[in-house]
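Look at TrEMBL and you will find 19-155, 160-304 tagged as domain 'MARVEL'. The annotation transmembrane segment is assigned in TrEMBL to 32-51, 57-76, 88-108, 128-149, 161-182, 194-219, 231-253.
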Amino acid sequence: MGSRLVMSASAGHHLNVSAVFSPRGAARVCQLMLGCTIVSLVIHSAGYSATYGTFCMAVWTSCFAVSAVVLVLDVTRLYACLPVSWENLTVTCASLAALLTLTASILYPVFFVRADDCPYNNCEVRNFRIAVSVCSWAACVAYGTEVFLSRAKPGHGVSYMATAPGILKVAQIFVGCVIFVMLASGTDFTRHVATLYCAAVFGVCLSGAVLLVALAVSGRSGALRLPFERLAVIYTFAAVLLYVSAAVLWPVVCFDGKYGAPLRPQGCPRGKCSWDVKLAVAVMSFINLALYIADLVCSHRSQPVSQRPGV
């Protein structure tokens, strides 16, 4: 609290010009420009429909709104009044926005851009949708650039979420949420005890990652009796062990002839086939396992400068 008061007093009534005229500020300005362009193009002519289109539009509008709020708070220095760790919060938001816009950049052209739409149909709509896809990829790069510019540098104090373990935890949360969306879309995981165990593992690991990120963003990690870095390593090690069991057990149960179907059933409707969803959950579980292993390796090799004893 004392540092916030000192910062407010030294800043006076002047705006934080470096929030715009700096590499990270330029990345945020690009995010706003691209976000505004995407939303305008979609509303004007590109359009969207169904669940995937609504998801993409929600991603673009929410990321644009968050970027605008972050830039305004940074320029006006009002972030000093918030009871959070500003650096941790901004890196977390940028990392999550990069993953969301990446997903939207893949889904939108897959479902809304068709090569056979032109010249037989309206070419203007197709061209607008191509422009939306290009701008979405550019926005993803802008968010990724902000994350890269916020990364830890040797010899400099840095927040936890700006380190590789912190960024990886955001990715773990994102993949964990994707897994639960898939589980809720018709996998029948409640039929077997083994798949229920896997779902419980996914939930426990997701909750643990959310809790650690919330502690870092809120700035309350220093109130823990156990050092935050050590707590994060212990959690990651336990998550790796749990995910190994779940990632192996899920495909064995779901694709074994005794419990499920080893091959995709004939006539299973595309987009509504539970076998496809089970396969996607298996793939995503191995992806998240890789993220947890990378997190554990990075946590073992490095330690944020600001968290080292005596610094």
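For all residues, glycine too, the Cβ spot is worked out from N, Cα and C.
Just so you know, TrEMBL annotations never went through curation; they're auto-generated.
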| Cβ contacts the transmembrane segment (88-108)/the transmembrane segment (231-253), at least three under 8 Å, sequence gap 6 or more | no
| remark: Checked against DSSP, the composition of the domain 'MARVEL' (19-155) is 114 helix, 0 strand, 23 coil
